[in-house]
């Protein structure tokens, strides 16, 4: 077996290492960090902060994702969604993946310290540790509230972007964090319902496994209602204008439609469709924040 893994590990390509970083997840995080940067100032964001700040955040996020691959490699090898990942198939060794993660993390922090500020770097480090160590290494296997508690680390990018520009933590970026924090449970619990049997098989205590599907659907509805309320707050505190409010209402109504469909079992494959729409919801909501911000500047 060791020989087989060694031979397969030698076949690792740059695509395998790119996959370790979970590029699609990192891309969504970068969009929210970019929005945080642009919302932080009425002037332009310095190009060095824009380029190297986001690169630093991306490298740290990719490093945390690589650690996640290492810790979850046995789980990944069993689940249909993840069984072809590089570590699950033995194309990359755990040692190589951890070395890769370390290089990414150190490089990202060095860029943040050099081109942004110390607070942005330390908050990014805290987020990295929160996801890679606290969530992946402990919470994921310890409690059905893993997503709720660990979601704070994943919600940090808009705060990181804001702080990279201003060097300060204020109410506005914390509100952006709150939006992602409220979005995280319905996003992941919808996937957990869709993959319930697989999570049960690998003994990961996701909410549908420990408390049942109906209980999870109720909580998805509750968190979606909270998300909708929180998503209106940027308009309420004059952080955004009517264009954003309209987008928040329309996107929120569609998100609520899918969570109600999931609760009622009124649409086929409602769980995975809710999960997929939630990704577009967050992307579109933050783009609306950005567009609205520059429209406000024009008027």
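Here, residue 1 is simply the first one shown, and the rest follow in order.
Every residue, even glycine, has its Cβ placed from backbone N, Cα and C.
Note that this is a predicted model, so its numbers are computed, not measured.
Among the ranges 68-88, 173-193, the stretch that Swiss-Prot annotates as transmembrane segment is 173-193. Looking at 95-115, 147-167, 218-238, 243-263, the range that has the most CB pairs within less than 8 A of the transmembrane segment (47-67) turns out to be 95-115.
Sequence-remote contacts of a segment are chain residues at least 6 beyond its ends whose Cβ falls under 8 Å from one of its Cβ atoms, and for the transmembrane segment (173-193) they are 32, 35-36, 39-40, 147-148, 151-152, 154-159, 161-163, 199, 206-209, 213, 216-217, 219-220, 223-224, 226-227, 230-231, 233-234, 237, 239, 255, 259, 262, 271-272, 274-275, 278-279, 281-282, 285, 289. Using a Cβ-Cβ cut-off under 8 Å and counting only residues 6 or more beyond its ends in the same chain, the transmembrane segment (25-45) has close neighbours at 53-54, 57-58, 61-62, 65, 154, 157-162, 164-166, 172-173, 176, 180, 239, 279, 282-283, 286-287, 289-290, 293-294, 297.
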